[in-house]
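Trainee: Below is one structure. I have some questions about it.
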Amino acid sequence: MTSSTGGHLHEGPPDTKLDKNVLLVAGVVVLGAIMSILDVTVVGVAQNTFQQEFNTDAAGAAWTATGYTLALAAVIPLASWAASRFGTKRVYLTSLVLFTLGSILCAFAPNIGMLVAFRVVQGLGGGLLMPIGMMMLTKAAGPERVGSVMAVLGIPMLLGPISGPILGGVLIEQLSWHWIFLINVPIGIIAFVYAWIVLRDDAETKKSSIDVVGLLLLSPGLALFLFGISSSAEHRTFVTGSVLIPTIIGAALIAAFIFHALRAKKPLLDLRLFKNKTLSIAVATMVLFMIAFFGAALLFPQYFIGVRGESTLTAGLLLAPQGLGAMLTMPIAGKLTDKMGPGKFVLGGIVLILIGMSTFTMLGANTSYWLICGSLFVQGLGMGMTMMPIMSAALATLSNPQVPDGSTLMNAIQQAATSIGTAVISVILASSLASKPEAGLAIMANTSDKPLPQGVPNPLPESFFETAADVFSNTFVISVVLICLTVIPAFFLPRKKIASPLVEEDLDRGPIMMH
């Protein structure tokens, strides 16, 4: 079947077993990833608490999430250059310190403005943890084991969105909101000490100058684009100046960066990597998948809380079957991807996701939780067979010198695709709820302490909640259609083992080995 021009077929059985050194490095990266990813979902749970504690409105509280996202967007493009200039160990340790320091500052923020500022500090550290971590893992494992090692990295990426609401609910209800940030401190200290011991000192680094033009185009461009897209949820539409102006300016800056990068001798990011057929197909698949799946992921907790009246903690527990399903298939898919290529597993995973998600296109106000949890489990099985094999397909074709740019590109594109998916589904859901007052009242009754408007029956009729459930089921139809579109590029992913072209310097796995 389809294969890539970006590499050659591997001859003989590859050694895909992860040795002790690789597993130790994986432990370092997973600790950092857990902090960064978990923090996003935990803060999402605390939005109502921030409004009450700091006497602010929903828009003001939302900046605690927006500020973090914008900082991520601004700093991710620097990852490749920073790794080359200062070394992966130095950059990773610095990022851990910055993120942990930001967490301490957030916990003691006296007002909402300072909290947003300290969240930016967190984001500047957190934004480098994932791309640098991915670089270290990919170089440590080598192309022949990238599938197995990506499966390890996938664990926090899956568990973060599921365990975040549970952890956030427990910390806020049993302790206080300060602990959603203070919990990062011991993890950060452990991660720093562990990384200091496990990671080998950086080799001599290149004193290369930064691509200033590229930096001035890409960092603000990506930040403005994501800000504009994210603002659409608040305005319930894309057709407003507050959304269009930053989105268009951001897109123009990104387009200018692309024009610049394809002509510069040493660009901030080498976009010529897209000449690699396998990487281009994998990125196209990843973009569609992230938009579809993570957009839909926004709907699950909102349905449980808004339509069914569950607490945040219960909603998180109800999502657990999805994580369990993914944990079952992800290690298997990772190992088999190293031996057989990603194509078959990704297509099979997409089919499972479609089967699981189809249930949610028929949601009612009283749909059985057994059916819902079973569908989430099937969806999780598909998730474990899809996300990390797609990333493996891209990274396995890169030679060692190309890994920093490849990792940075994947993280930047992933961040943009996730934001687009969340924004699209948020706007569709919000506009649908606004067009059906009964649905909006049902959501309000389950999520707000404010009394229902005068003249509205209390308690609300069951039909109001059925209308709200219909809004969610109709929105899930959009997600199913987007998942179906993912099949198109996924069909062209290689279905045989593809190895990156090795060069002499690739044999040195660089700064990632135990002392």
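Yeah, the Cβs are placed from backbone N, Cα and C, and that goes for glycine too.
The following feature annotations were taken from TrEMBL:
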- 25-498: domain 'Major facilitator superfamily (MFS) profile' (DOMAIN)
- 21-46: transmembrane segment (TRANSMEM)
- 91-110: transmembrane segment (TRANSMEM)
- 116-137: transmembrane segment (TRANSMEM)
- 149-172: transmembrane segment (TRANSMEM)
- 178-199: transmembrane segment (TRANSMEM)
- 211-232: transmembrane segment (TRANSMEM)
- 238-259: transmembrane segment (TRANSMEM)
- 279-300: transmembrane segment (TRANSMEM)
- 345-363: transmembrane segment (TRANSMEM)
- 369-395: transmembrane segment (TRANSMEM)
- 416-434: transmembrane segment (TRANSMEM)
- 471-493: transmembrane segment (TRANSMEM)
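Would you situate these features in the structure and describe their surroundings?
Mentor: Tertiary neighbourhood of the transmembrane segment (91-110): same-chain residues 28, 32, 35-36, 39, 79, 82-83, 118-129, 132-133, 136, 178-179, 181-182, 184-185, 188-189, 191-192, 195-196, 199, selected by CB-CB distance under 8 Å and a gap of 6+ residues from either end.
Away from its own ends, the transmembrane segment (211-232) comes close to residues 66, 69-70, 73-78, 81, 238, 242-254, 256-257, 260-261, 264, 266-269, 412, 415-416, 419-420, 422-423, 426-427 of its chain (Cβ-Cβ under 8 Å, at least six residues beyond either end).
Within the chain carrying the transmembrane segment (279-300), a Cβ under 8 angstroms from the stretch's Cβ atoms is held by residues 4, 6, 161, 273, 315, 319, 342, 346, 350, 353, 357, 360, 376, 383, 386-387, 390-391, 393-394, 397-398, 406, 409-410, 413-414, 417-418, 420-422, 424-426, 429, 472, 475-476, 478-479, 482-483, 485-486, 488-490, 492-493, all 6 or more beyond its ends.
If you look at the transmembrane segment (345-363), the same-chain residues 6 or more away from its ends with a CB under 8 A from one of its CBs are 285, 289, 293, 296, 299-300, 303, 307, 329, 333, 336-337, 371-372, 375-386, 389-390, 393, 469-470, 472-474, 476-477, 479-480, 483-484, 486-487, 490-491, 493.
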Trainee: As a test of reading the model: what is the averaged pLDDT for the domain 'Major facilitator superfamily (MFS) profile' (25-498)?
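Mentor: Looking only at the domain 'Major facilitator superfamily (MFS) profile' (25-498), pLDDT averages out to 82.
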